[in-house]
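Encoded as C-alpha cells, the structure appears first; notes follow it.
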Amino acid sequence: MSNEAVLHAHSDLAHGAHDDHHHEHHHHETFISKYVFSQDHKMIAKQFLITGMVWAILGGLMSVFFRLQLGYPESTFPWLEDILGKWAKGGRISDEAYYALVTTHGTVLVFFVLTAGLSGTFANFLIPLQIGARDMASPFMNMLSYWFFFAASIVMLSSMFVETGPFSGGWTAYPPLSALGDASKGSKTGMDLWLIAMALFVVSSLLGGLNYIATILNMRTKGMSMTRMPLTIWALFFTAVLGVLSFPVLFSGFILLIFDRNFGTSFYLSDIFITGVGALPNEGGSAILYQHLFWFLGHPEVYIILLPAMGMASEILSVNSRKPIFGYMAMVGSLFAIAILAFLVWAHHMFVTGLNPFLGSIFVLLTLLIAVPSAIKVFNWLTTLWRGNIRFTPGMLFAIGFVSLFISGGLTGIWLGNSALDIHLHDTYFVIAHFHIVMGVASMFGMFAGVYHWFPKMYGRYLNNSLAYIHFWVTLAGAYLIFWPMHYEGLAGMPRRYYDYSNWESFKQFLELNRFISTVAIIVFAVQLLFLFNFFYSIFKGRKVTTQNPWQSNTLEWTTPINPGHGNWPGEIPEVHRWAYDYGKDGHDFIPQTTPVGADESHH
Amino acid sequence: MMTALHTKQPQRIHPHKFTLWVAMGSIVMMFAGLTSAYIVKKNQSNWLAFELPKIFWVSTIVILLSSLTMHLATKAFKAREMSRYRTLITATAALGVTFLVMQYFGFMDLEGHGIALIGPKSNSSASFLFVITALHMLHVLGGVVALLVIFARAFRTQVKSYNSVPVEIAGIYWHFVDVLWIYLFIFYSWIG
C-alpha cells in the first residue's frame, strides 16, 4: 500500500523491497515523540484542538472585556486594572486598549480558532481515519504545520505584552494604519509582531492544506472511490483547496505591506498628511490595492471556516437521524459551487470604497448566487432530519443548532450582498450580527458538534451529557440573544468599532440593549468554561468507551481499536464496499462501509 | 516496498510528488496575486515606465540552460550513470547561482540609471519589479538548496539510494521556477 510506503519511506534507502508485513508495534515512543513532536495525525489533531481552545478562551475573554466597556461605559471595574494594568487605568478600558482588544479578538477567532482550531483539528483527525490511511501523505510536514502554528501563536501572544500594545487597526489590517508606525500606538511593534505571526500562520496553513489534498487524493483505501467518501472529507478537501489557493494571495499582500512599512515603498501609501508627522514622502500608493489582495483571501477564508462545519454537520445529522444523507451528490456539488464562487465575490466587502457601480452589480449577482448552493445544503439537511429516528446526542444538537444558525445568518447575507443596501448597512452592527451568526457562531457549533461526536474516538471516553446539554442550550439561546438585537442597532445605523456611543443622541437609546447583550455575552462565556471543564475532566475521568462503534456509524474510523495507535489499524487497512450512508436500508439499522454488498440488497 | 507499490498501482503518482504539484499551484497563486496587483497599480496614475535591464535576457538564457542540465541529470540518475549525474547536478546548481547573481546585477543596473527600487524616492513600478523578482530569486535559492541536498546524497558512500523520487521532485521544482521566470519576463516585457 502507498500508505506503508509513506510511513516507512526513510527505511527504503538502506534495505531493499520487503512487503506484506504489518507493523503492530512501532519504534519506541518517548514522551517527546509521542506528545510533543508527534508525527501521528491524531496527536497533531489534539494539539491543534487544545491550542485552539486556549485561543478561544483568550479571544472570548477579550470580547468580555470590550463588551464591559460597551455595556457599562460609565462604570469602573477596579479588577480590570489588576489584569490589564495601564490599559485599564482606574478600572475603565482605555480607547487604545479597546481597539487593540477588538482587533486581536477578530484576528485570533478568525485565524487561530476557527481556521487552525477547526480545520486543523478535524482535517488531521478525520482525513486518515475516514479514508482508510495510516497517516497523512507527509507526517513530517504535518508536524511542521502544527509547530508553525504554535510559533505564530507565541508571536501573536507576545504582541500583547509589548509596551505600545498589540496591533489595533482592525483584524483586516488595512493601510495606512497597518503600514505606518506613526499612525497609532498599535501600529508600531504590535503590528510587526502581528505580521510575523500571520506570516507563520500562512506557512502553517499551506503545509497543512497541501498535506490534506495529497492525502485525500492519493491515500484512500481500496474501494474508497471519491463518491464513497463521507461528506466530512469532501468538505475538508474543498477547504484545503480554498486555503492553498487563497492564502498565498494574502501573503503577497503582506509582502507589499512589509515593504511599505519598512523599506519606504509606495504600494499602499500616498502623500497623506499625518498629525504630528506631516505629509508623507510616498507618492501614488493605493490603499484599495491592499483591500483587493486581502479580500481575495478574506472571502474564501469565510468558507475555509464554514465548510468543515458543514461537512461535520452533514455526517452527524445523518448518523443520528439513522437515515442516509439526503442528496449526497447535490451536497458535493454545492460544496464545489461554493468553493468556486468563494473566489468571485471578494469585492462585496468593498462596495463603498468607490468601486465602479457596474463592477459592483456583477459582484452583487455573484454574491447572491451563493444563496443557491447554500439553500440546497439547508434543504438537504432538513430533509435528512425529516421523519428520521432522531437521537438527540449533544453532537446532534449542536449539528441542528448549526443548521439553525446558518439559516438565520445566511438570510441576512442576502441583504448585505446588495450594493445598494450596503450604502446604509456597511460598517454597522448589522454586519457584525450577520458574520458572527453565520460564520462565527455557526462554525463554532460545527466544531462543538465535531468535538462531542468524535471525542470517544479521540480519547476513548465520553463527555458528560448533562453538562453538554447545559452547554448547548445556554450557548444557542445566548447566541441569538447576543446577535439578534445587533441587527436592530445596525439597521438604526449604529457604527461598529466605536469606543463609546453615549455622545450620540441617535445611539444613546441603545445603552440598555448593549447592557443586555454584554450580560448575555458574559453568561455564554462562563458556559464555555463549563465545556472546557467537561472536556479536560472527561479526558482523564470520563465514562470509558466499551464498544468499538458507540454511535452505530458506518464510517471507517469506528473500525479502528477503541484507542488506535500510530498507524490506526493493527492489521490490514479495511476495504470499502459501499458509500458511508447506508442507514435504515433493507431493514438493517446501519451497514458499515466495510460490509460487502449482499446479493439480496436493494438498489446500491 | 516502492517496487511493490508500482506493480500494484502502476498509474499512481507518488504522494510527495503530488504534494509538490499542489504547492506549485499555491506558489502560482502568490505570483498571480502580485502580477494582478501590478496591473491594477499600472492603470492608476503616477506609473513610471522604464526599460528592463539588458542582463535579464542573459539570465533568461542561463536559467533555460540550467533546466536542460537538470533534465539530463535526472536521465543520468535513472540510467545509474552516477559520475555524469554528479557533474550535471553541480552544473545546474552553478547555473542557478549564476542566475541569482545576474538578477542582482540587473537591480544594480536599474539603480545605476537612477531608478530607485525601494525607499522614499522609489516609484511603485520599480518596487513591483524588485519585490516580484526578489521573491522569485528566493524560490530559485530554495531550488539550489534542494539541489545541494541531493548533491550531498550523491556523494554518500555508505548508503546508496536507488530511489529516483527525490531527484525527480527537485527536477520538477527546478523546471517550475524556470517557467515561472519566463512568465515574469514575458509579463514585464510585454504584458505589464
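Including glycine, each Cβ sits where the backbone N, Cα and C put it.
All TrEMBL annotations are machine predictions without curation.
According to TrEMBL, the protein has these features:
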| type | residues | note |
| --- | --- | --- |
| DOMAIN | A:31-595 | domain 'Cytochrome oxidase subunit I profile' |
| TRANSMEM | A:48-70 | transmembrane segment |
| TRANSMEM | A:108-131 | transmembrane segment |
| TRANSMEM | A:143-162 | transmembrane segment |
| TRANSMEM | A:193-219 | transmembrane segment |
| TRANSMEM | A:231-259 | transmembrane segment |
| TRANSMEM | A:293-313 | transmembrane segment |
| TRANSMEM | A:325-346 | transmembrane segment |
| TRANSMEM | A:358-383 | transmembrane segment |
| TRANSMEM | A:395-417 | transmembrane segment |
| TRANSMEM | A:429-455 | transmembrane segment |
| TRANSMEM | A:467-486 | transmembrane segment |
| TRANSMEM | A:516-537 | transmembrane segment |
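Counting C-beta pairs under 8 angstroms (sequence separation of 6 or more), the transmembrane segment (A:108-131) reaches the transmembrane segment (A:231-259) with 3 or more such pairs. Regional average pLDDT for the domain 'Cytochrome oxidase subunit I profile' (A:31-595) in the model is 94. Sequence-distant neighbours of the transmembrane segment (A:358-383) (same chain, 6+ residues past either end, Cβ-Cβ under 8 Å): 310, 313-314, 317, 325-327, 330-331, 333-335, 337-338, 341, 344-348, 351, 403, 406-407, 410, 413-414, 417-419. Distant neighbours of the transmembrane segment (A:395-417): 306, 309-310, 312-313, 316-317, 320, 348, 364, 367-368, 370-371, 374, 378, 381-382, 385, 425, 430-431, 433-439, 441-442, 445-446, 448-450, 452-453, 469, 472, 475-476, 479-480, 487; these residues of the same chain sit at least 6 beyond its ends, with a Cβ under 8 Å from one of its Cβ atoms.
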